[in-house]
Each structure stands twice: as structure tokens, then as C-alpha cells.
């Protein structure tokens, strides 16, 4: 097929040496023919394309071989004179490097490294190591080279790469029958096995999947773990994993989707080792021209990924065999002596020629990659509709094609303010640039590109752009910045980084300018689309508002019946269709209420006569079912050229609910006024200046004024000056939001009255205080009665205190008499009986003592009562309690007197029994008393000890234990409670009383 013209550009090839002037080559036209880019001069003189350069290079190499093959006449360098380079290969990474059947390390990378060392004249000291060690040693400069490393823009910042010698897909492997994954979104929440430090470890970690990664030290270990059921997916290079699956016969694992495009497998050297890097690049190029690279490729990779032999390869192979054989003999006989003298010179010349050819091919390859990137970007612009996704993918496309090391886009809004940033190949190093843009400043590259409105290039940003936050990231690379402009609008700029070899390339600049225009046009199109969508949304919203609005739009003619020439669709709220008016079947005058029609017509005629610009009316409309609507008509008159009114247009607003609300408000006001007037309490209103604005009849009667006289007066006009000042002081606080309840004031007759007055602030809709509302009740008689009751209650309290005091003293005298009688007896049983009686008298006297000292004459704190009662028992039975410790777990519980007395008898009886019987023969131990108020259930009283316990045949109701029988009787009959005991590790008594036992009773 004939070549297809893609673009005509001025392409000044780089000078072949320092003496060749730039621009000495004619402009060229870029064409495509059968998938190959061809370059022709404008004079139609064919220039060498990529295929032609390969055949010419093959001829040059054949001639170079001719010059170099005369082993009998030429002297080879000895091994001792060769430079030794330590080159490390990865352990078990087939088919590139792995342990063979003989135990030696073999593979494509091993053989390729040795072949390059041989043709380039250096000695390769090959070593093997795990990948993670190789990577760290290479970045630290501890080794000379790695015989295989996947390229990435992040790694390129730390080491230097040759051109790739293999391209390998990075693939996600899954178990047979399991779900396959081909995109990053499929990996969310999954666990993935990767080799530590591998390119897939880098990529997945950068994408935020680090938490789900299972890292291994080798690919074989990763495959073993996955075979054993670990992980959801295995991520890694497709070729080595397929090799393992084939060689080891592993079943049940299959390749899913390729997660990334082909990744490039290159030689890598420490940063700055350009001489060694050049040796790898030249050596690889020589091996490809000789065909040795293809042989090694077919030997190691061919069985896994076979490649067909093309005709140019076959011809080149033949030339490598036949040509040298024929030429060697002639050269050996005729040119040996000459070549020995000129070999050094010719070798240098040929190397320079190869370098120039390589540079030209590199330029062609770069232009092809840029063209590919431009094509893919334009496809993105057509397909992608979301702005941020489009910008991110454009940057990614520019770096994925290897046309640029990194690419970033800065966008600005219509006001020129920074709005967003997108990048590929920069990572976190882009953060300082974002901060610079957010501060309102621009880097030099962006500013110059915007001013020039075309691509701006910088040869060495690391030296020229010292204040740029990214200057240190460029190293020996150049940079291009392209403005994104369309129709005078500056959208932002695109900046890319590429090898300095391509600096000043006009074709590159023109392609980037075109790319910038395409991106700007895409951004403009997105803005237009957004504006149209916003306009459509607004129109839809406006139409929805009109349809749901109470406002109906009308235009009618000033002729009989007012025929309608326009009406909005929402006239349906009045029961009519717009078409009924427009076809003349319904006139506007027909729907006006008959009782309003004459008035409305007269007002319209008057407005027409006066030629008023507009007027407003309120009237009623009637729908077809007879329902009535109140409307507010705001009409604007329309004049002709003669100044005569010919029509009217305006809005008809449904105010039915408003009218009904006003009517309801008036009815409520009437009811409220009736309630206020009929109230016996005095009610008044004042404004913020404390002038009366309203009062009911009761207040008017109290002040002795009628309503007209009261409105506008103040308290100074009505009451005693001191009372008025007190009232003003109180009401000043009310205006600050503080209510007030009681006051003393003189009425109109001058009598001192006690008023219970509630004053509250009156607020408007905004919450602001606008006045005071007061409600007063005359409580003079009630105050007198209350004071009489208080005097009577005080007298009663004094009497009760005296009664409690006398009762306590009387019981103390009785207890003393019993004690004296007990001391005169020799009968021990009688002494115990009298001692029990004495303790019970003390417990009852203690109640009256507590009441005498209490402020509340009807209630007593059981906690304090039990503590004092326990002390009385201890002092009464001093000898028996010496070895006993008393413990308390008491809550404060108020109790009525008629509960405290019997409860004290119960506690006294249980305490005395425990003191006498729980610890015989002076044994030691403890007695614990507990008191709790259980919410909703009542009082829980416990008394426990760790003494000898109750006998097995113990019966609290038997005649031998009359005291306990009395206790049970008191609990059940007087306290309405329940009592039980246990005898595990001592004795425990529990007494439960319901709430009614201690609540107030009338």
C-alpha cells in the first residue's frame, strides 16, 4: 500500500558531531506504510526508515567483522587486561536465571550478559542472589550491574536502565475455577502473594493494597504458598510463573488478566555509571545485529513464547554465514597488513557511525512513541467524560508509552486560581509543587509557556530552575511545558520530562503543542457540557417550580369577557385546563365569582382610564365543581404605539389558605379576648418602655381606671411611687428574661394588697423581647391564713419536741431503775431478762432522742439510729463484745417514727442474740450490719456473723426463743415485712420491708 501522509513538520535531526550545524537536514514528512513510520524530505527524496537502517547497520557490522577477524595478525586482550564488572542475577527466576540440571546457574540473562561482555571487551563476574538483596546492593552502588530489572519511573530515579531486552506481562494468577481478576478494583479486600521488592510489590503498594500483600523472598516460594492454598491471587511476571508451572507440572493454577501493559526487563547499573550502561546498550545492539540475541531468545524464551522468523532475519542470518566466509579469505590475503595499521581508526569511526545511527533511531522511536501517546490521548478525550479521570489517564498514558519519564497537569479556574493537579511518575515528590501552586505562584516553566502560548523547553531543569520544587527530580533530563489554551481561555499547563537527547526537537514541540490544544479543547467541551447540563437542570427546576407554584401566569385581552391569550399550565390548580382558555371555550371573566365580578370589572375599567402601569386586586374564583378560591391579582397593563391599553398580563396567586388563616386568627383573637376578659385574675400587657398596651376588666377594676385611660400610662401614674419603683425594678429583670412571681402593692383605694404576679417577657417571631405580659392574683386573704397556719405549726413543733424530750427522759429513768434492780439480783436468768428489757427500753428511748434532735419531727435517719443503737449494745454488753469486731454497710434511709421503733427492737434483739450466743467462751469474730434502699422494692436490712451458727433443730417460733418469736411477730404484724435466715459459715438474718413501710402517710 502507498504511504499515508500523517503530518508535515520541520524535523532538524541532531548533528552527528560537534561540527555539524543544527538544522542542516531538510524538513521531512511523517508517513505510515504497513504499520511502519517513514520519513521523506519535501523534495521527495526518500530518507532511510527504521527497516532500511537495520539493513545498513547489518552491512556496517559485516564490514566491521571483516576488519576485526584476523586472529593470526591481531592481538586479543588478555583476561588480566580486561575490566572486571560484578554483575548479579536473580536466584530462581526462570528462564532468565535459575539453577540448571548440572547445578550451575543458567538462563537467558546469564548467556546474554556473557555475550555482551565478550563483544564489549570486559570480564563479567556473574553472581546470583535473592532479588531483594540485588535491589538494595544496586541502589547502594555495591555491585556494578543487575542482569535483569523491570523498569519503572520510580526506580529510574535511583538507578539507570538500558533499553529492554525482554518485555513481560505482569499477570494475576488464580486457582482454576476461581474468579479471575484483571483490574485493580477486583483486588479490593483480597490477599495477594508477591515477591518482596518485585515490580508488582511496588505497583500494588503504590495503589493502596499494601495491607493485603503476602510477601515472599523468591518466586518459587510464592508459587509454593499459592499452591498450598494461601492467598486469593498470585501476582508476578507471566513468563517465569508459566515456566515453573510447565517444568514442575503444577495443576490447578491458571493465568487471569494482565494487570498492566508489558513491563520492560532491562540491564540496570547504579546511578551515574554511564560508561558501563553504554557498554550494555552497544553490546545489546551489536548482538541484535549479529543475530546472536535472537538465538539466545529463541533458546530460552521461544519454548514459552515462540516467535516466527521473518524474511529480513533469514536474510541477515544468511549474510552472517555466507558473507563473512567469502570476505574473510580475501581480507586475510589482501588487507591484513593495512587493517592492522588502520583497525583502531576504523573501529572508532564505525562506533561513531553506529552511535549516530542509534541516535537517529532513538529519535524516530521517540517520535513514534509520542505519536502513539497522542493517539491514545485523543481516544481518551473521545471516550472519557469525567474531567479528573481524563486528566489522570492522560498523564498515565504519556508515561506508560515510555515516551516520558513523568507527566503532570496543573489546572486553573476561570479566575486564574489553581484548582487541581494530576500526575504520573512523580508520586509524593509532587506535593511541594502542589503547595507552590496553592500559594498562588507558578513555576517558571508554566509561566513562560502561558506567556508564549506555545511549548517551552528547559535543557537542564536541575540547574536552570533552582527554585522549582521538582528541580531535583529531573537530574540529566530536559523538560517541556505546554499551555492548555483554547479560544483565549487558559486552562492550565502540561509538563513532561524526557531524555536530554531530544531537547530542542521541533517535531516534539509541535506534537506537544497539538496535544495541549487537544486537551484544552476537551476541557472546553466539558465546560460547555457542564454549562448546558446546568442550564437544563435550571430550566427543569424552573418548570417544576411553576407547575407546583401557587402563582398562575395570565395574559388577557381587554374585550368582552376578557379572553385569554396565554395562561401557564398550573392553572389546573383551579380546575381548568390551559387549552380551555386558549381555544376560547372559557373566558377569564367567567371564572370570577359572580359577587365579585362587578367590583373587579369596575376596578379594571378605572385603571384603564387612568392608564395606570399596574394595579392589585383581591377577589374569588370559582372552579367547575363550584369550589371557591381567594386570589391576589397583580396586573400590568400593555399599551400599543398610540398609548392605548390593549391587554393586561400578570400573576394570579392563590391566597385561599392565607385568607382562611387570617379568618382563623381573627376567631382565635376573639376567643382569646373573651377568655382574658372573663378571667378573674388580673391580666395586663406592657411594651419595652413599660407603658400599658392592654388590660382586662379585672385589672381595670383593681386600678380604678377604664381601658382608654389606662393605655399609655405607667405604674408611676397608677400606684405609690415606691411601689412603682419596685415594680419597674422587677420588670427590668423580666425584660432581660427573668420571670417574677410575688409583690406587695396598694390598690386604688390605698389598701396594702398581696399579689401573686407572674410576669413573663413577650417575644416576636425573631425571638426578640418586645414587652411584658403579667397575670396577677390577689392573695391577701390567703397570705393571712398561711401565716396563721405557720404560727400554729411552730407551736405544735415546740410541743412535739417537748413531748419527745420528756418521753426520752422518762424511758431513761425506767431503764435506770431496771438496771439498778438487775444489779441487786443474784439469779443470772433474771439478770439476763432485765438486761434484755433495759436494752429494749434504750432502743425505744433512742428513737425519741433522735426525733428531739431532728429538724423533721416525723422522720428519722435509720443509718444514724442503727449506729447509735449498736454502740448502746456494745456498752451494755461490754465484756461479751471485747473480742468482736463490728462492720457496717449502711445507706442513709429516712423512716417514719412508727417504723423506726419496732425496727429498733428487731435490730436490738438480733444484736443481743449474736453477742451472747455466736461467740461462746470469749471467741473472736465479726458482726456485720447492712442497710440498703432498693429502688422500687423497699428496705433490705441484714445482720450476719461468722460465729458458731444456729443449731440444726433451731426453730425461731418455739417457746424457748420467745425473743425471736416476738421479732417475727413485730416484722409481720407491725412492719408488714418478711424475715428469713441462713446458717452457712455463721448466721445471716435478712429483713425486707416494702416501700409503704417508710413512705409518708397522711
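Placed from the backbone N, Cα and C atoms, the Cβ positions cover glycine too.
Per TrEMBL, the stretch carrying the note coiled coil among 627-654, 655-682, 683-710, 711-738 is 655-682. Checking the ranges 15-34, 35-54, 55-74 against TrEMBL, the transmembrane segment annotation falls on 55-74. Annotated by TrEMBL as transmembrane segment, the relevant range among 257-276, 277-296, 297-316, 317-336 is 317-336. Mean pLDDT of the predicted structure over the domain 'PAC' (739-791): 74.
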